[in-house]
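**Student:** One structure follows; several queries about it will come next.
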Amino acid sequence: MAVFKRLAHYFAEKKYLFIMATILAFVAVLGTLIAPVLVGTTIDQLVGRHQVDFTKLNQDILILLVLYFGSNLCLWVATWLSNNVAYDGVNRLRQQLFSKLDRLPLSFFDTNPHGDITSRFVNDVETISDGALQGLLTTLQAVFTIVGSIVIMMRLDLVMALLVLITAPLSFLTTRLITKKSQHYFKMQADDLGALNGYAEEAIAGLKVEQAFQHETASQADFEQLNQQLYQTGFKSQFIASFANPTARAINNIMYAVIGLVGCLRVITGQISVGEISTFLIFATIFGKPFSDFTSLMTQFQSAFASARRIFRIIDLPEEIPDPKPAAKIDQVRGEIAFDQVDFSYEPQQHLIHDLNLHVKPGQQVAIVGQTGAGKTTLVNLLMRFYDVTAGKITLDGIDIRQLTRQNLRQQFGLVLQDTWLFAGSLRDNIAFGKDDATMAEIRQVAQESGVDEFIEKLPRGYETELQSATDSLSVGQRQLLTIARVMLANPPMLILDEATSNIDTYTEVKIQAAFNKLTQGRTSFVIAHRLSTIREADLILVMDHGQVIEQGTHQELLAAKGYYAQLYESQFAK
Ligand SMILES: Nc1ncnc2c1ncn2[C@@H]1O[C@H](COP(=O)(O)OP(=O)(O)OP(=O)(O)O)[C@@H](O)[C@H]1O
């Protein structure tokens, strides 16, 4: 009920349209219920040769036509209106969900599969729009139909009414029994299909590795087994389900025969007219339908509510700490950064950074080195406030970064990551992502400086080449060059390069390095790199291990200290 109320809130803005839809649905049902009675009285006029009042007959047929046409029209408008309400509400829900994502802490995205989050936007929201309102309208129609049919049939003849009431839901009940049995196999079939799907996806994605390890035969055998399993469950579910329709039809036919037979007896004894037999036969069909709709309606509702719950779970998640009001503001950053007794852990029980102290002078180029998992990226995460420190503080130009708005803090940095992110659009748009008003000349210049122009110029459509998706056929290095050009164009006051050149050949890397040196002249910058050749010139090198800075100094100082850095350097440049 709570979920229902909450959902209703999203559709409330257009509730008058839904009320109109309900009224129209009611009128439509009324039309379909009056029609059988009219069919009965019309048949009753066919009393014998030369005794038919054709004027009255034509009139009744015309009314019947109007009734059927009118009720279908009403139903069409009702469906259209309720769809309108549904899409409007669902639109609002999707919008709220998307804006919520911007306010969720990054830890949410780091710990939840992205596919699952996407499916809430696409599948869950769609299920709600299908289920909630359309389902509600169909349920209301079903209730009108059941109540209306009972009232009209009782008024015509009690015995016949009872007969229809008892026999009409019979075929529904039998079908339900059969589908229940087959549902078990359908679920197994869905699971098997999911497994097969997953296997195929994995195999296609890893085809190259699979061939390199000569795993094709084993993979074919695995697939064969999964495929066979799917065939078995698919066959069983279809076999059982195939009984549903013929059984329902057989029961319906028997039911018509019984109603016809009892009807004839009632005609002979004068309780009802011949026409009324037809009326009851039509009612038997009309009355059975809401029952057969019932199961699918219930499933529809259940999935809609389950989807709503999944969406509300995200909407109710605690958001990241809001920006302070009023916030401090940095217009012209000097670039002095200090970590002051900083503690941090991703998981409360797993300590990562403890009592970290650091001081970076304005304009310094800082390099961070260390083994995989040492905490280098974590330092960047803290600096950009993707995560907040658990103790201590980080200051920028003497201001605690938590006193700034996130936007003000982040606009001071240009960030290039190892994982590139490009969007569907032209190469030009992708480079100009951080500077909407960039001119073509500016774009060309950064492309040249980053070295990406060489490959762009070779493309038939050059800068206008459209990237279709994240998996476009660019090499990893080319993608990285594009993101480097992007940050060069944005020209941020400070730079953070997290393994930004890890996939680029050494020749291009040297070229980029020169461009970066030009860019970072007099600006504070952080470079995370595994290749120590790229950071020799840094003003300050931080060596990290297990979340701690274990050594710091210039390249020469660290070599002289003959510590961890010296060892690392030796290992990379050993003769
Ligand atoms: N979102 C996260 N949630 C939980 N633990 C995390 C998360 N991100 C990183 N870690 C853990 O924190 C530690 C430091 O990770 P970090 O990414 O900072 O290392 P790194 O030095 O940048 O490594 P690499 O050189 O591989 O990029 C690792 O043990 C890692 O498993």
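Even glycines carry a Cβ here, placed using N, Cα and C.
The feature transmembrane segment is assigned by TrEMBL to 16-40, 61-81, 132-152, 159-178. As annotated by TrEMBL, domain 'ABC transmembrane type-1' applies to 19-303. Feature annotation from TrEMBL assigns domain 'ABC transporter' to 337-571.
Could you give the neighbours, burial and distances for every feature on this list?
**Tutor:** Outside the transmembrane segment (61-81), and at least 6 residues removed from its termini, the chain residues within Cβ reach (under 8 Å) are 17-18, 20-22, 24-25, 27-32, 34-35, 38-39, 42, 134, 137.
If one looks beyond the transmembrane segment (132-152) by at least 6 residues along the same chain, the residues whose Cβ comes under 8 Å of a Cβ in the stretch are 7, 11, 18, 21-22, 25-26, 28-30, 32-33, 37, 78-79, 82-83, 85-86, 89, 161, 164-165, 283, 286-287, 289-290, 293-294, 297, 300-301, 304, 308.
Within its own chain, the transmembrane segment (159-178) has Cβ neighbours under 8 Å at 149-150, 153, 240-241, 243-244, 247-249, 251-252, 255, 258-259, 262-263, 266, 271-272, 276, 280, 283-284, 287-288, 291-292, 294-295, counting only residues six or more beyond its boundaries.
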**Student:** Could you tell me what the rest of the chain brings near the transmembrane segment (16-40), counting residues at least six beyond its ends with Cβ under 8 Å?
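**Tutor:** Apart from its flanks, the transmembrane segment (16-40) reaches 60, 63-64, 67-68, 70-72, 74-75, 77-79, 81-82, 84-85, 133, 137, 140-141, 144-145, 148-149, 152, 156, 273, 275-279, 282-283, 286.
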**Student:** Taking only the residues in the domain 'ABC transporter' (337-571), give me the average pLDDT of this model.
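**Tutor:** Here the predicted model's pLDDT, averaged over the domain 'ABC transporter' (337-571), is 86.
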